[in-house]
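Scroll down for the structure; my scribbles are underneath it.
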Amino acid sequence: MGQQFSWEEAEENGAVGAADAAQLQEWYKKFLEECPSGTLFMHEFKRFFKVPDNEEATQYVEAMFRAFDTNGDNTIDFLEYVAALNLVLRGTLEHKLKWTFKIYDKDRNGCIDRQELLDIVESIYKLKKACSVEVEAEQQGKLLTPEEVVDRIFLLVDENGDGQLSLNEFVEGARRDKWVMKMLQMDLNPSSWISQQRRKSAMF
């Protein structure tokens with residue numbers, strides 16, 4: 001990217017929402033202070049959001065990075081960054097679910113298979129355990145295993161029984177069933193995670 005942020009370009013790419021021009025210019029200034037090249041690589045993304053250097057956090061954040069990286073070039077530019085923030089922080093429930101779907105859809109083929117779902121559920125379980133979340137529930141034997149969560153989600157959401165979750169099945173299944181909504185977001189949904197990490201970061 002160049003050293004000037006274009007308000008018109010941001011509008012064309014859907015990066016603007018409730019943020020005004022002055023706020024976006026300030027974000028861009030701070031973004032370039034942290035990333036002079038104008039793009040974030042994976043290691044910079046982790047530093048940007050103050051991600052702990054452990055396996056549990058890394059797995060989840062790498063999935064988050066892929067969702068930010070809309071063009072698949074393994075970097076995040078400012079427009080991708082702001083567009084994602086506006087979507088997950090200010091978007092509708094449907095928008096947030098669609099974005100969460102992108103995190104699960106590791107190979108970007110438009111469907112989520114059992115292994116993709118299991119990988120994310122396992123990484124979030126590990127991250128929550130590392131943060132001592134729901135330890136008491138697990139000790140009491142009330143917490144489902146990742147495999148049990150995946151089996152139940154597919155039973156409730158995979159309407160055509162093809163072993164994959166389409167975007168429509170994912171969104172409608174979450175809307176239809178509160179348990180599915182909770183499990184797909186795992187109480188660690190992208191919106192709340194990003195909000196927490198942004199508060200930890202001095203960037204915004």
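Cβ atoms are placed via backbone N, Cα and C, with glycine included.
The annotation N-myristoyl glycine is assigned in Swiss-Prot to GLY2. Residues or ranges marked as domain 'EF-hand 1' by Swiss-Prot: 19-54. Annotation comment: Swiss-Prot describes 56-91 as domain 'EF-hand 2', evidence class sequence analysis. The Ca(2+) 1 binding site feature in Swiss-Prot is assigned to ASP69, ASN71, ASP73, THR75, GLU80. Here Swiss-Prot flags 92-127 as domain 'EF-hand 3'. Sequence annotations record features per position, and here Swiss-Prot assigns Ca(2+) 2 binding site to ASP105, ASP107, ASN109, CYS111, GLU116 based on sequence analysis. As annotated by Swiss-Prot, domain 'EF-hand 4' applies to 145-180, with the evidence given as sequence analysis. Feature annotation from Swiss-Prot assigns Ca(2+) 3 binding site to ASP158, ASN160, ASP162, GLN164, GLU169.
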> Given the binding-site residues GLU80, ASP107, GLU116, ASP158, which one has the fewest other C-beta atoms within 10 angstroms of its C-beta?
Replying inline: ASP107
> Taking residues 6+ outside the domain 'EF-hand 4' (145-180), which of them lie with a CB under 8 Å of any CB in it?
Replying inline: 93-94, 97-98, 101, 104, 110-114, 117-118, 121-122, 125
>> Taking 8 Å from the centroid of the Cβ atoms of ASP105, ASP107, ASN109, CYS111, GLU116 as the cut-off, which other residues in that chain fall inside it around the Ca(2+) 2 site?
In response: TYR104, LYS106, ARG108, GLY110, ILE112, ASP113, GLN164
>> For GLU169 (Ca(2+) 3 binding site), which of the three DSSP-derived states applies: helix, strand, or coil?
In response: helix
> With a radius of 8 angstroms around the mean position of the C-beta atoms of ASP69, ASN71, ASP73, THR75, GLU80, what other residues of the same chain does the Ca(2+) 1 site pick up?
Replying inline: THR39, PHE68, THR70, GLY72, ASN74, ILE76, ASP77
> In the domain 'EF-hand 2' (56-91), how many residues does DSSP assign to helix, to strand and to coil?
Replying inline: 26 helix, 2 strand, 8 coil
> Within 8 Å of the centroid of the Cβ atoms of ASP158, ASN160, ASP162, GLN164, GLU169, which other residues of that chain place their own Cβ, given that this set defines the recorded Ca(2+) 3 site?
Replying inline: CYS111, PHE154, VAL157, GLU159, GLY161, GLY163, LEU165, SER166
>> For a quick check of packing: other C-beta atoms within 10 Å of the C-beta of ASP105 (Ca(2+) 2 binding site), how many?
In response: 22
> Rounded to the nearest angstrom, how far is the Cα of ASP162 (Ca(2+) 3 binding site) from the Cα of ASP73 (Ca(2+) 1 binding site)?
Replying inline: 30
> ASN160 (Ca(2+) 3 binding site) has how many other Cβ neighbours within 10 Å of its own Cβ?
Replying inline: 8
> By DSSP, what is the split of the domain 'EF-hand 3' (92-127) into helix, strand and coil residues?
Replying inline: 26 helix, 3 strand, 7 coil
